[in-house]
Amino acid sequence: MAVPTTLIQPSKPRRVPTAVLISGRGSNMEALLAASRDPAFPAEITLVLSNNPGAPGLASAAKQGIEAMAIDHRPFGRDREAHERALQEVLVAHGIQLVCLAGYMRVLTPWLVGRWEGRMLNIHPALLPKFPGLHTHERALEAGEGQHGCTVHLVTAGVDEGPILGQASVPVLAGDTPATLGARVLAREHELYPAMLARSAQAILDGQ
Ligand code: GRF
């Protein structure tokens, strides 16, 4: 008798369990959550984590029924890795396969980065390799750039240095302030990040 192979093949997960790490406002997290509400989106945001118990994004995620948790970095003092071990425990316990940093304002140690090689994304508000680090909009204006934008990249041990997955640019307009330019960039961030997460998650589902 023929073996019913379709019945004994393990079913592949349909969506990639994904965590978003935030430290504050969480508007990129909101954009990722909105995208992941579509059941056809290849990543499912199942966890939002923060180092900051007061991060407004935590309350908003919880209100939307997403597990949202803070692991305050302060009790760990200078021991960054001990804080990251606590984060890692929660990520593993939730079966997370992809991590999106979205305004997560802690520099990660090589220990945590090494555990998520190729599986941790970050969004940076500049066209890397230009303007790594902070105050990117001020610096782009000071430098007289005609174009500015945002980058989604894989996280490596060097801050804002990992392989670039995608970028979106905006024009710098006469009379721009860091606030007006930043708002223009942020609108593009909210489109770029879900698109790049979708691509990374789909690659995992496809076994690449
Ligand atoms: C964004 O501009 C992001 O590019 C940067 O931090 C900011 C976070 O904003 N890494 P939000 O918390 O997503 O609103």
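Cβ coordinates are placed from backbone N, Cα and C, and glycine is handled just like the others.
What TrEMBL says about a protein is an automatic prediction, not a curated fact.
TrEMBL has this to say about the protein:
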DOMAIN    19-196  domain 'Formyl transferase N-terminal'
BINDING   GLY26, SER27, ASN28  N(1)-(5-phospho-beta-D-ribosyl)glycinamide binding site
BINDING   ARG80, ASN122  (6R)-10-formyltetrahydrofolate binding site
ACT_SITE  HIS124  active site, proton donor
SITE      ASP160  site 'Raises pKa of active site His'
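Minimal Cβ crowding within 10 Å, among the recorded positions ARG80, HIS124, is found at ARG80. Only ASN122, HIS124, from the recorded positions SER27, ASN28, ARG80, ASN122, HIS124, place their Cα within 10 Å of the Cα belonging to ASP160 (site 'Raises pKa of active site His'). What surrounds the N(1)-(5-phospho-beta-D-ribosyl)glycinamide site, by Cβ distance within 8 Å of the Cβ centroid and not counting GLY26, SER27, ASN28, is the set ILE22, ARG25, MET29, GLU30, ALA31, GLY57, ALA102, GLY103, HIS190 from the same chain.
Residue pair ASN122 ((6R)-10-formyltetrahydrofolate binding site) / GLY26 (N(1)-(5-phospho-beta-D-ribosyl)glycinamide binding site) shows a Cα separation of 13 Å. DSSP classifies ASN122 ((6R)-10-formyltetrahydrofolate binding site) as strand under the three-state reduction. DSSP assigns GLY26 (N(1)-(5-phospho-beta-D-ribosyl)glycinamide binding site) to coil, not to a helix or a strand. Residues from the binding-site residues list (GLY26, SER27, ASN28, ASN122) with a C-beta closer than 6 Å to any atom of ligand 1: GLY26, SER27, ASN28. For the pair ASN28 (N(1)-(5-phospho-beta-D-ribosyl)glycinamide binding site) and HIS124 (active site, proton donor), the Cα-Cα distance reads 11 Å. The sparsest Cβ neighbourhood within 10 Å, among the listed binding-site residues (SER27, ASN28, ASN122), is found at SER27.
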